[in-house]
């Protein structure tokens, strides 16, 4: 879905290339101008069923011990009616509304009013005011990069409460999980609707808006490229990075606290999920400035896809492993624990180093060393919409010589590790790896279609040099 929601942090729009310092033509920017029947059908399907999918997964855990099959069996056999399941679902409460309102407001304060200080004393961290990519209208937006700082402050306060202040129970998120779902939906729909109205009547930059004439497509995929309020509140950066991703690790900590409360201990599988997913979240905030170059900022418009997806899809479906382990605590043997940990760490290493190689290659225009030697690459050219010819380099060294999207391979290895920590009793925790596999495979084809349109015969030379997409020797 959105944020990270397609785990999208790893994709960039320039097809693993360097360019000669001149921005690409506008035909490479943004979402579609025209809507075909398949795109419209996909949009309608997601608008209708994505919220139901989230509800079904969470309800299955709450009422059926995380079984995805038993609710359907009950309904088909006539043992229960939809009204029976709905009537047992916790509704919105004032307590949940207060918790969620405070949470979002707190993240807004951290985002807008506390300038980043981490970059002043943490070596290698890039924070503070940073410039984004050039928009289709030629605007270069500035961003206040302070996500790592917001994450640290939030978690310091969380642990201070848990061990000293005791203002609230560490299980507060789990205990209000379904009422909080309604709050997240309200915010997701509210911000998506506001973004659409804003795009029509008071856009931040009218030249960065796209209208297809189809209400549903525009609502889902967005009209404005970079909707903003004031100088610093950027909708895309805030909702992609906060509040959902900051909450990700807090949600997992709440699950661990619930395990401790129910069973008197936290299982090693729960610790694995917390550690591996925590590494991913911290990686995102450590590289938040790099995130300004990803598809979310450089390509996507802001609509329901990002607005609702970041508020609902990401925090509720990306944390299913921890939720499952509350209902089904899994005790892993030493060999299994070690194997899963190594799979997750190796996957993260591949994900991070592959992206670092690409970033280094682009920043230096190929004048660098990859694995101790000068990188190999293919010279490419393309024509902009105005007929100007530009040149690029497509790297064929390092991990990029192994497969054209090897960063996705590392991402999938990490995703699989999260799921394996939950054992094999139920399929629910494996939704994540199935979803990510479909998503990233689709992204491979979408990326390559764009790159082939851009580079033509040069792209064919590149794919001949690097024949595999994800798994060397297989696919």
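Glycine is treated like the rest: Cβ placed from N, Cα and C.
Looking at 389-414, 415-440, the stretch flagged in TrEMBL as transmembrane segment turns out to be 415-440. Nonlocal intrachain contacts for the transmembrane segment (37-58), taken as residues 6+ away from its ends with a CB within less than 8 angstroms of a stretch CB, comprise 1, 68, 71, 177-178, 181, 185, 214, 216-217, 219-221, 304-305, 308-309, 312-313, 316-317, 320, 323, 428, 431. Non-local neighbours of the transmembrane segment (415-440) in the same chain are 6-7, 57, 60-61, 66-68, 269, 272-273, 276-277, 317-318, 320-321, 324-325, 328, 330, 332, 336, 340-341, 343-344, 347, 405, 408, 470; each lies 6+ residues outside the stretch with a CB under 8 Å from one of its CB atoms.
For the transmembrane segment (148-165), the neighbouring stretch richest in Cβ pairs under 8 Å, chosen from 92-114, 177-197, 302-320, is 92-114.
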